[in-house]
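Input: a single structure, listed below in structure tokens.
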Amino acid sequence: MKALAKLERGPGLTLTRVKRPEVGHNDVLIKIRRTAICGTDIHIWKWDDWAQKTIPVPMHVGHEYVGEIVEMGQEVRGFAIGDRVSGEGHITCGFCRNCRAGRRHLCRNTVGVGVNREGAFAEYLAIPAFNAFKIPPEISDDLASIFDPFGNATHTALSFNLVGEDVLITGAGPIGIMAVAIAKHVGARNVVITDINDYRLELARKMGATRAVNVARESLRDVMADLHMTEGFDVGLEMSGVPSAFTSLLEAMNHGGKVALLGIPPAQTAIDWNQVIFKGLEIKGIYGREMFETWYKMVAMLQSGLDLSPIITHRFAADDYEQGFAAMLSGESGKVILDWTA
């Protein structure tokens, strides 16, 4: 089958032919329709320090997808041939304390599709049936293919009650932008997002941001004053991994505020702990998606009117993957879709 793989320990990916995956007793085989390019795939493309330490070579990558079940293992129940599915990209052990307690998103032995094992940038993907998630017919293939990052945004944004709250999001990547739409959809009052990328900030405005702030030109404090915010933000969502953004978020938080961290800062990032301690802030780390509560919430929000369509800005045939990666690398894109049926 055709697949997009890391064949050598260096930059780039190669469209190649690989063996179609075998299907275990508890697996489903998915014929891929659409995939989306993730920031993780960009790290793999660039072959940065993280990728060099993490990605086995050779291996085909990718973990954002939608497709159709074409084969099932003999033990699989609850699915049928022809079901349209996306899937949870974190394959968990099922035996650690958190897995046995139903907290699989906290599994200490997680294996990542397209990171630690063969991925979805291919004509077929085999995964445990437990990880597959049926997609309702009213949700398009394009939207279903971005459920993985949509899930990151949902898990982060809905970690705390947002109804009537003022929310600050630092980092206008696709996940941060989707978090804007989620926060507004569930009833946040002011949703402010910061970045230095004007293209991405304009996307955030299209997704409903109260203010999209280029912090290279505009003061967050001035924006807060314009919005008549006298006590700071109630909820902070750090999506950038940039230390200065995290610092500005902590400074802008109200006493008793709640902060969710999805962005990954450098390991030795220093912060002013006085901002955390004396403000009584609650800080929560976010990894992946809750299985499968996050997935149910994603579907429910789309069915109740959440519009994520502006975040999908580019579409290419899978054979034109280099154009897709170029769009992502340019910084002037939202989500980029690769069509495996073209």
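Each residue, glycine too, has its Cβ placed from N, Cα and C.
What Swiss-Prot annotates here:
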type: BINDING; residues: CYS38, HIS63, GLU64; note: Zn(2+) 1 binding site
type: ACT_SITE; residues: THR40; note: active site, charge relay system
type: ACT_SITE; residues: HIS43; note: active site, charge relay system
type: BINDING; residues: CYS93, CYS96, CYS99, CYS107; note: Zn(2+) 2 binding site
type: BINDING; residues: ILE175, ASP195, ARG200, LEU262, GLY263, ILE264, ILE286, TYR287; note: NAD(+) binding site
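On the structure: features taken from Swiss-Prot.
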residue: CYS38; record: Zn(2+) 1 binding site; DSSP class: coil
residue: HIS63; record: Zn(2+) 1 binding site; DSSP class: coil
residue: CYS96; record: Zn(2+) 2 binding site; DSSP class: coil
residue: ILE175; record: NAD(+) binding site; DSSP class: helix
residue: ASP195; record: NAD(+) binding site; DSSP class: strand
residue: ARG200; record: NAD(+) binding site; DSSP class: helix
residue: LEU262; record: NAD(+) binding site; DSSP class: coil
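Around ASP195 (NAD(+) binding site), the same-chain residues at least 6 positions away in sequence with a Cβ under 8 Å from its Cβ are THR170, GLY171, ALA172, GLY176, LEU201, ALA204, ALA212, VAL213, ASN214, VAL215, SER240. Sorted by the number of other CB atoms within 10 A, the binding-site residues CYS96, CYS99, CYS107 start with CYS96, the lowest. Distance noted between the C-alpha atoms of GLY263 (NAD(+) binding site) and HIS63 (Zn(2+) 1 binding site) is 18 Å. Ranked by Cα separation from CYS93 (Zn(2+) 2 binding site), the recorded positions THR40, HIS63, ILE175, ARG200, TYR287 are led by TYR287. Cα-Cα distance from ILE175 (NAD(+) binding site) to THR40 (active site, charge relay system): 12 Å (rounded to the nearest whole number).
The shortest Cα-Cα distance from ILE286 (NAD(+) binding site) to any of the binding-site residues (CYS38, CYS96, CYS107) is found for CYS107. Within 10 Å of the Cβ of HIS43 (active site, charge relay system) there are 17 other Cβ atoms, across all protein chains. Apart from CYS38, HIS63, GLU64, the Zn(2+) 1 site neighbourhood in this chain, defined by C-beta within 8 angstroms of the site C-beta centre, holds THR35, ALA36, ILE37, THR40, ASP41, GLY62, TYR65, GLY89, GLY114, GLY119, ALA120, ASP148, PRO149.
With a 10 A radius on its CB, ILE264 (NAD(+) binding site) counts 13 other CB atoms from all the protein chains. Its Cβ placed at the centre, GLY263 (NAD(+) binding site) has 20 other Cβ atoms within 10 Å. Between the CA atoms of TYR287 (NAD(+) binding site) and HIS63 (Zn(2+) 1 binding site) there is a gap of 15 Å, rounded to the nearest whole number.
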